Amino acid sequence: MACSATTQPLLNFELSHSHQPKRPYSLPLCSFIKKPRLSPKPFFSQSKDYTKINIFSSPSLFSRQKLGSHVAAQSGYSSGEEAESLLPDSAYQEPFSWSSVIFPFLFPALGGLLFGYDIGATSGATISLQSPELSVTTWFNLSAIQLGLVVSGSLYGALLGSLLVYPIADSLGRRRELLIAALLYVLGGVLTAFAPGLSVLLVGRLLYGLGIGLAMHGAPLYIAETCPSQIRGTLISLKELFIVLGILLGYFVGSFQINAVGGWRYMYGCSAPVALLMGLGMWSLPPSPRWLILRAVQGKGSLQELKEKAILALSKLRGRAPGDAASEKQIEDTLISVKSAYMEQESEGNILEVFQGPSLKAFIIGGGLVLFQQITGQPSVLYYAGPILQSAGFSAAADATRLSVVVGLFKLLMTWIAVAKVDDLGRRPLLIGGVGGIISFGPISWLMVSEIFPLRTRGKGISLAVLTNFGSNAIVTFAFSPLKELLGAENLFLLFGGIALISLLFVALYVPETKGLSLEEIESKILK
C-alpha cells in the first residue's frame, strides 16, 4: 500500500478568495495553467504571485512540458498518473464552492478507504478465523500456506485488476470503473462474510481485490479530472490518507469484534455497506468532463454530443445552471488542449523504452523504491499486526487488537507529517528516516515514482512501478506466514532488518533529491 505526497506543500498553500484582484475566468480542466502572455483572455480570479497550484492529470492525455513547472505527484496504487504544479509569475484560480467539491472527492476516495480497511480488518480476522472457539468453522486449523492465501488473496486480485484495467481504462471511463469497483467490493465483502468454506472465502478475497485494482486506478483520475485545479494536489493527498484512515478503521472494527462468535465475518462484512454507499454516490455523479472530451478527440462518438455532455457534467460538478456559459467556455478551451496533448502522445514509443537510457535509470530508482518498500516487511506489519503483537507478548487477542489501533493512529499521524513536510525537508531525508520507521517510506516512494520518469515514458513507467508494487506486496504478504513458521519470528524480522539496511544503502547511493526541481529539470539534470 502506498500513500503519496505532492511536490508542493499541500498544507501551506493559500486559497485566497478575498484580497485578490478580480479577473475573468480561466480553464480548470486543463493539465496546465497558462501565463497571461501565453493565454489570450484568461478568465479565472488571480491568485497571489506566490500561490502554488497543484495540477494532477493522466500523462496519456495531458503530459505537456512546461518550462518553470514544479512537479507535484500523487500516485498511490494507480497507474498512468502524473501530477504537475506550476509556479508562474501570475496564476489564476477557479472560484468554487466547497459544497460542490465534497461529494466528487468523497465517493471516489471511499475506494481508497476500503482498500485500507481490508488491510486493517485482515489483521484481526486472521486471529478470529483460526480460533477453535470463535471461528465457528470446521476448517479453522489453517496451514501457513492457507493463511497466506487468505491474507494475500485481495492483493493478487488487485494485481490482476491493475493488469486488466490499464488497457481498457480510457474506453471504460473513470465513473464506470469506480462503479464496477464498488460492485466488486460489495460482492467480495458479502461473499467473504458468508463463506461456508475456505475455497469460497478465497474467491471472495479475489473479487474484493479486483475492486481494489480498479478503485486504485480510477479514484485518483476521477478526483484529478473533476476538482478545481488549485486544490487538486490537496484532495489527491487526502485521498491517499483515506487509505491509512481505512487501515485504522479496520483495526478498530477488529478490536471491537475480536471476542465475538464468528467475528471475522463481521470484520470483512462491514466493508459491504461502505462499498454500497460508494456505488450509490458514484451513480449520482456525472462522468468526468475531461474523459468525455478525450472520447470526442479519439473519434469514439459524436463530437458535438460528447461536448454537450461534458458541459452538462461540468455544470453539475460546479453546482451551476445546466449548460452555463462559463462551463461551455471551459470545455471549449479544454477541447483545444486535449487535441494538442493527444497528438503529442501519438509519437510515444513502445514498452521497451522503459528499459532503455534515462527511462531505465528512472525505473531502477522508482521501481527499486517500491520494491524495497514491500520487501522490508511493511505489508507484513500491517496485515499481520494482531498476530505479530500476540507473538511479542500481548497474548490476549483483545490486547493485541487494541494495540493495533494505536499502531494505526501512529501511522496516520506520521503519514500526515510526511505529506506536510516533504517540501520542507526534502525526499532523501524522509526516505532515510522512513527506512528505519517504515512510516514515511511509502508516501515518499510514490512521490518519487511520479516525479522520476521522463515525459515520454512516464505513463508506462508508472504502470510498471505499480505492478512491481502489487506483485512484491502479494508475494511478501503470502510468504510471511510460511517464513515465520520456517525461520521463526525473530529470524524473520532480522531478515527484514537486513533488507532494510540494503534499502538504506540504495537510497543513499542511487536515489537523488528532487526537491524544488521541475519535471524537465529532473529529466535533464538527473537522468542524463
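The backbone N, Cα and C atoms fix where each Cβ goes, glycine too.
Here TrEMBL flags 101-119 (among others) as transmembrane segment.
Mean per-residue pLDDT, taken over the domain 'Major facilitator superfamily (MFS) profile' (104-515), amounts to 85. The domain 'Major facilitator superfamily (MFS) profile' feature in TrEMBL is assigned to 104-515.
The transmembrane segment feature in TrEMBL is assigned to 139-166 (among others).
If you look at the transmembrane segment (178-200), the same-chain residues 6 or more away from its ends with a CB under 8 A from one of its CBs are 107-108, 111, 114, 139, 142, 146, 150, 154, 157, 172, 206-212, 214-215, 218-219, 222, 265-266, 268-272, 274-276, 278-279, 282-283. The feature transmembrane segment is assigned by TrEMBL to 178-200 (among others).
For 206-224 (among others), the entry in TrEMBL reads transmembrane segment.
The transmembrane segment annotation in TrEMBL covers 236-254 (among others).
The feature transmembrane segment is assigned by TrEMBL to 266-285 (among others).
The transmembrane segment annotation in TrEMBL covers 400-419 (among others).
What TrEMBL records for 431-449 (among others) is transmembrane segment.
Residues or ranges marked as transmembrane segment by TrEMBL: 461-480 (among others).
Taken from TrEMBL, the feature transmembrane segment applies to 492-511 (among others). Long-range neighbours of the transmembrane segment (492-511) within the same chain, counting only residues 6 or more positions beyond its ends whose Cβ lies under 8 Å from a Cβ of the stretch, are 364-365, 368-369, 372, 375-377, 380, 427-428, 431-432, 435-436, 438, 448, 480, 483-484.
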Selected stretch (most C-beta pairs under 8 A with the transmembrane segment (101-119)) from 139-166, 236-254, 266-285, 400-419
236-254
Would you say the transmembrane segment (400-419) and the transmembrane segment (266-285) are touching, if the rule is that at least three C-beta pairs must lie under 8 angstroms and be 6 or more residues apart?
no
